Amino acid sequence: MIYEGKAITVKALESGIVELNFDLKGESVNKFNRLTLNELRQAVDAIKADASVKGVIVSSGKDVFIVGADITEFVDNFKLPEAELVAGNLQANRIFSDFEDLGVPTVVAINGIALGGGLEMCLAADYRVISSSARIGLPEVKLGLYPGFGGTVRLPRIIGADNAIEWIASGKESSAEDALKVGAVDAVVAPEKLQAAALDLIQRAISGEFDYKAKRQPKLDKLKLNAIEQMMAFETAKGFVAGQAGPNYPAPVEAIKTIQKAANFGRDKALEIEAAGFVKMAKTSAAQSLIGLFLNDQELKKKAKGYDAVAKDVKQAAVLGAGIMGGGIAYQSAVKGTPILMKDIREEAIQLGLNEASKLLGGRLEKGRLTAAKMAEALNAIRPTLSYGDFGNVDLVVEAVVENPKVKQAVLAEVEANVGEHTILASNTSTISISLLAKALKRPENFVGMHFFNPVHMMPLVEVIRGEKSSEEAVATTVAYARKMGKNPIVVNDCPGFLVNRVLFPYFGGFARLVSAGVDFVRIDKVMEKFGWPMGPAYLMDVVGIDTGHHGRDVMAEGFPDRMKDDRRSVVDALYEAKRLGQKNGKGFYAYETDKKGKPKKVNDPAVLDVLKPIVYEQREVSDEDIINWMMIPLCLETVRCLEDGIVETAAEADMGLIYGIGFPPFRGGALRYIDSIGVAEFVALADQYAELGALYQPTAKLREMASKGQSFFGQASSEE
């Protein structure tokens, strides 16, 4: 054994060939943490010191190659001063460069996923052989960063600037075949032939059949583009990528600028340019929020997986209420492998549900995400029915009938009488109390809420609502079923609106106040979209449905009359009474026309101004900043209340619920991280400036206490530098 550590071993294979193997003890995957980097330094030094070494094969002892850097270390690392961070980055890069500069040929055998630093390790080798099932990529832009272990330097010199820009700026993974096409790898082989192929390649390089030094040289030189080619490649790409990424996600454009700045330099100087730019990105609030988001997401998944120990396996599901929502739920269950009954009392509703499922499956087939055989299998897994005849062996029933407590209670009581005594019943409700609905049931312990978001196939979140009498098994089984459906479940306690809608309606309340103060809703939409929301509040209400918003607002006003009840007629009342219900009937705040793809396209409709005139009670001058604060303060404060009231258990779950459920701007990290980024004390002072607007703008006593103690929700303050 030439070197033995906890993450890396180097052993002799045959005839001077050694294998550097990544196998991080106690972990299911390999990653570049401090330990792995330190051991790579020692391993490279040990190889360099051994005169008998003629060639190096790099491999992995895990199912994956290396998934990248250990992101849990980023939070503390990125707090370091800029100069210290740059020095640390260059020190790490020296390891990869020393590996690249070994006086013998190097081959990496990529057996599974190689992402971020994992791929950058591969790029430092002379040759790359990849398993046909492996995938590679540089996803750092998704964290508000770009590659920092030489990715912006080596990749353009291996696959060309255009291809490298596409890989780095998109952050997408590539298949083995796609990687071969652009020259990122040298050979694709069947998984079982990978080791033999790597051995064959290294032997041919040692024998001189392949010139490894000539292969290595372009990575050490400047980029082979003249001034005109550089201008065409970089300026065009910057414009295109800036348009796609938008101003709130600077990393993709900064990555292109870095490749451009380093184009006329050799490797070592180019790495210095990369390090400076990488650290600049690491210090942005976008990176800190997106890294926080990634860690929150990991925490969420780990927590949801923790319910598996108590959960029953759902082998057969059912959905009550077909139509678009029922069809969407049936599709999601079937396509992920759980057969489902779809029941309704009307044949036409069942047909609508089946059409929805068929349309969604057809869409996947067209995009090549599904084979015709798999589509047929999924369709066969959805069984339509008008009766309860087959409900005896159902493990879990999702009730998805109209959002009316009396109707839901009647349907739930009826289905309870037709299922086994251990069957879980789950109500897909957006606002109605689960404990209230449970009063109609004989076995309330088997009952929970399971709130899907529309459209079901696209929205990743499912709120699993624990009622007063819900058993742990019922909650756990529903969480496990949601995960099986490919969703991200968050368990919340019962209250009107649960987490997401309870927080969303104060946001809509801020919007209604602005319109009543004479602010143009089109302007509000533009300001909030610029702030980072995927759509402004008026457009969002049109998509949700004005009737749905009207009903939800009444439920919330009844649940929280102290702050959510408004005796004045509002913008929602005006549109509802004028039967302008949004996209569903072609007119709401906006009018809707059908585009070439058959999708609704919004257009301004002057007729709406007459509808809104009676609810404009004053004409206020408000700045864009005021618009943001009128909208965001109530949303953030209600999120704080949900955490304090125990509706949601952790700050991470609260923030992820808003990002997954209502499209909260990811680069801002969620409502609580947004408060942290402003500073809790500063946020409280800001809210106090708007105190005249009512109870929704009043910070809680506990938040004031946090402000006075200098506390934060995530134990750190994120600030733009």
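Each residue, glycine too, has its Cβ placed from N, Cα and C.
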**Request:** Could you look at Asp268, Asp297, Asp308 and say which one Swiss-Prot places alongside Asn501, Tyr660 in the substrate site?
**Result:** Asp297
**Prompt:** Among the recorded positions listed here (Glu120, Asp344, Glu403, Lys408, His451), which has the Cα closest to the Cα of Tyr660 (substrate binding site)?
**Reply:** His451
**Of the recorded positions listed as Glu120, Asp297, Asn501, the one whose CA lies nearest the CA of Val402 (NAD(+) binding site)** = Asn501
**Request:** In whole Å, note down how far the CA of Asn501 (substrate binding site) lies from the CA of Asn454 (NAD(+) binding site).
**Result:** 13
**Item:** Glu403 (NAD(+) binding site) CB neighbourhood, other CB atoms within 10 A
**Value:** 18
**Fewest other Cβ within 10 angstroms of its own Cβ, chosen from the binding-site residues Ser430, Asn454, Asn501** = Asn454
**Whole-number Å value for how far His451 (active site, for 3-hydroxyacyl-CoA dehydrogenase activity) lies from Glu403 (NAD(+) binding site) (Cα to Cα)** = 12
**Prompt:** Which of the three DSSP states, helix, strand or coil, fits Asn454 (NAD(+) binding site)?
**Reply:** coil
**Item:** Residue among recorded positions Glu120, Met325, Asp344, His451 with Cα closest to the Cα of Asn501 (substrate binding site)
**Value:** His451
**Fill in**
Three-class DSSP assignment, Val402 (NAD(+) binding site), comes back as coil
